[in-house]
Amino acid sequence: MAVVRKLIVEVVDARNLSPKDGHGASSPYVILDFHGQRRKTRTVIRDLNPAWNEALEFNVGKTSEVFGDVLELDVFHDKHVGPTTRNNFLGRVKLSSRQFVKKGEEALIYYPLEKKSFFSWIQGEIGLKIYFVDEVVPPPAPPPPPEEVKPEAAPPAAETPSAESTDAPAGEAEKNETAPGPPAEPPCDGDKPNEEPPPAPPAEAEAPTPGENPAAAQEETDPVDPAPPGGQNPDQVMASVSSRFMPEVKVNNINAPQPISRVSSISSFMSDQSDRSTIERSSFDLVEKMHYLFVRVVKARSLPTAGSPVVKIAVSGCHIISKPARKTIFFEWDQTFAFNRDSPDSSPILEVSVWDPLSVISFGPTNDVAGHDFLGGICFDVGEIPLRDPPDSPLAPQWYRLEGGGAHRGDLMLATWIGTQADESFPDAWKTDTAGNPNSRSKVYQSPKLWYLRSTIIEAQDISMLIPLKESSFQLKVQFGFQVQKTKSVLTSAGAPSWNEDLMFVAAEPFTEHNLMFFLIENRSPKEQVIVGVARVPLTSIERRVDDRNVASRWFTLEDPNEEKRVYRGRVHLRLCFDGGYHVMDEGAHVCSDYRPTARQLWKPPVGTVELGIIGCKNLLPMKTIKGKGSTDAYAVAKYGNKWVRTRTISDSLDPKWNEQYTWRVYDPSTVLTLGVFDSWEVFESDGCKESVRPDFRVGKVRVRISTLATGKVYRSVFPLLLLSPAGLKKMGEIELAVRFSRATPTLDFLHVYSQPLLPVMHHLKPLGMVQQEALRAIAVKIVSAHLSRSEPPLRREVVTYMLDADSNTFSMRKVRANWLRIINVIAGLIDVFKWVDDTRSWKNPTATILVHALLVMLVWFPDLIIPTLAFYIFVVGAWNYRFRSKTSLPHFDPKMSLAESIDRDELDEEFDAMPCTRPNETVRARYDKLRMLGARVQTVLGDFATQGERAQALVTWRDPRATGIFVGLCFVVAFILYLVPSKMVAMAFGFYYLRHPIFRDRMPSPALNFFRRLPSLSDRML
């Protein structure tokens, strides 16, 4: 059945509109335009805060060059109400279809009304809900029965499924066109065979024409390449295969031959247009071309066997055996193999042979063909194989006659060509450098859509206590999956406790947990807790919001948890909502790759794209020992935004070459792209080895900050792979990357991003505490790692946690010292300024001191030059440092700044120790004593800061009456003098006094400093 997509716009209300009727009010109505369709709401009479609550419907078609992809909304005052003579303009809103979501994700959003021109007086905002719905269109009524003159043509056409009618040969299609009724059915049921393939009656296998049914039924995994009928000659079969070799790609039941389809721009969060690499392939211009010999084995016919034959391919000393054939009217494999042509031992001969298994053995790339019956083979000269490079069309397979063996008249359909890793057959092909491991293919993953679930616990009423007490203590426990939180305990005697607490949870969409559980607990004694009642709230009933508006609260019934029947135990007052205005943090704030809010409606257009070319690694260290030989099966994982990519796993190589290229959309330049290299155990997992339970080892990590990249410039750099382990810092190898950032917006719009807040608005309207945000981040990391570990091939938990820096907040003495040195490095410039001032006033360079005196005179008598002089000085410093900027290389991990080169072994062991500690008591006691010593230093520094502040307060608090009297009297004298003497003369005198020659100074501290040090503090009152 056909599906029609429609856009629903719910015009809810508007607020604070401009009065345009001449009497301080307006009578507004709304006109909406989308794809040339116009809709209008009713008019609300004389109301500046009108409420329409109307749902308007639009048909969604293909993207139009005339109307564009924008929804326009205009608000007018009705001229028929009031003394006005025209429809006065009240404001407009323009929205791109990229901001729209599907039904179930919509939320009420208030959009500010925009001006039509610069001189328009517009104010207010309008509340809208916009979403897509897919409506199923019922099939049209069946056509009238054909005339009695042609009774024989209608039944066969009506019984033939629509999939067969679309894939029938040309001659059969011409026959169908003569029938008046059947041509009306295929447009309605054209997609049905993919969902409900017709069964294959065994009796029909013998007939030549109905013989297509079992072929179509058995080809559910590849419906775009059905088998041709058996009655065709080889020339006709080759023509039909050539015409059908490029299948018609369908995405969400919509044909998508274009690079970017309309469905992708209006789809859900999980199918972001930027993350659909299968729609528009990269040009692979950042990486090196790797040439492969591709062999696609499609099917065979007329083989003298009733079993499942296999195909053996031999080239360059590599012998590969295909999977057993799938028996239909042909023997089908449809398997592609890619052999590396860059190796020095490339053979000029390609041998393809077909074998019939005589005994039951396990098939695999390493199996021999012993025990097989040779049916025939083909030899190719590799030098005669054509070279194909995208965007060339795929090479059509051809029938080849098998020579030798038992198949005297057997034919094998295959295609051979020379291509690169940019070929569309490469990702799913069997490759020589991956040892045929099915989990070693390159894959793209999507993080789940994360929401903050806010649960406001207000109060409970009508609680039936199990044991009557004067006062009872109640608390509410909330459980969502593995997340459990509790409110504070409240004492009450009336059975109506009140909490007013906010509890935050992290939810991943699509939801795996469908209910939010509330348990009312009565605390009778310090160790006795009784569950009074349970309330279950379905997630589908919870409202979604994108701003800070108040969500309506509701009462939920508490039921007895032990009774099968529903027994009333009270009710609880809750306010629940999904907060889509936040960005759910799963990475560290300093290395975050995305700051977009959860709600897609709040997304801004991308500012550019970043392309990453993962070329390869060099000089990797062996990560494991297999059969006495050091080995490394390396793969790389890159993460930016919600898109993860994983390269193929290169088996048993210390210098792996991937040469893969990926693209991400950039929404904020102040983000970080992270790439990690790992050693895989999946090869042994596929072989059934016991060691497959081991985690993938970390090899190293690279971070690239997008804001450090120049626009349009290719950065090709070699980064060291550094790994800090309990054994110390070790260089695991090197990785070569190519990065390019391309700007997609005008320069002014791109620079305007730097003035926008980094986090969404809700983080500033209702900020989350640091402790709460870190706890929610730990939960988000667990959810993301669990989601990606369920993919195929999986991204293991240890890989995800390493990429997300889940353990970055653990305590480390090394990081404490490194951060202290960073602070010293930051204030080093300020320290240098103080040293320069002290040298100047010490007359170490008399010429410089005299020039400073002249500068002082100029700035005192012309104070307007102070700020321009300072700004010009900063400009000169920046222009001077421009010469020393990094032009080619990108910044990387700095072992010296991280203090990782010379680190104490005990501190390193403490850094990698788990929580809680698992070391012996003596080690823990020594670490605790060391931490106490550090705490004593911090305590002393904090006490000194507090002392200086309390002395400043003592100047006017009369703790020391004489000192306060001296200070207050001196302030009165200074004020009197400054009233009489011009401020310029005072500044001049103070400057010359401060810069006086050392022969006019005393080496003892100044009287002002002596006076301040004698002031009392509160340190003498501490115990």
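Every residue gets a Cβ built from N, Cα and C, even glycine.
TrEMBL annotations: computationally assigned, not manually curated.
Annotated domain 'C2' per TrEMBL: 1-110 (among others), in sequence order. Helix, strand and coil residue tallies for the domain 'C2' (1-110), in that order: 3 helix, 57 strand, 50 coil [DSSP].
The annotation region 'Disordered' is assigned in TrEMBL to 141-237.
Marked as compositional bias 'Low complexity' by TrEMBL: 155-164 (among others).
Sequence annotations record features per position, and here TrEMBL assigns compositional bias 'Low complexity' to 203-217 (among others).
The average per-residue pLDDT of the prediction over the domain 'C2' (273-400) is 77, rounded to a whole number. The domain 'C2' annotation in TrEMBL covers 273-400 (among others).
Across the range of the domain 'C2' (434-556), the DSSP-based residue counts are 7 helix, 73 strand, 43 coil. TrEMBL lists 434-556 (among others) with the feature domain 'C2'.
Summarising the annotation, TrEMBL assigns domain 'C2' to 591-719 (among others).
The transmembrane segment annotation in TrEMBL covers 850-876 (among others). Residues 840, 984, 987-988, 991-992, 995 of the same chain sit 6 or more residues outside the transmembrane segment (850-876) yet have a Cβ under 8 Å from a Cβ within it.
The feature transmembrane segment is assigned by TrEMBL to 966-995 (among others). Within the same chain, residues 840-841, 849, 852-853, 856-857, 860-861, 955-956, 1011 sit at least 6 positions outside the transmembrane segment (966-995) and bring their C-beta atoms closer than 8 Å to a C-beta of that stretch.
Residue counts for the domain 'C2' (591-719) under DSSP, helix first, then strand, then coil, are 16 helix, 63 strand, 50 coil.
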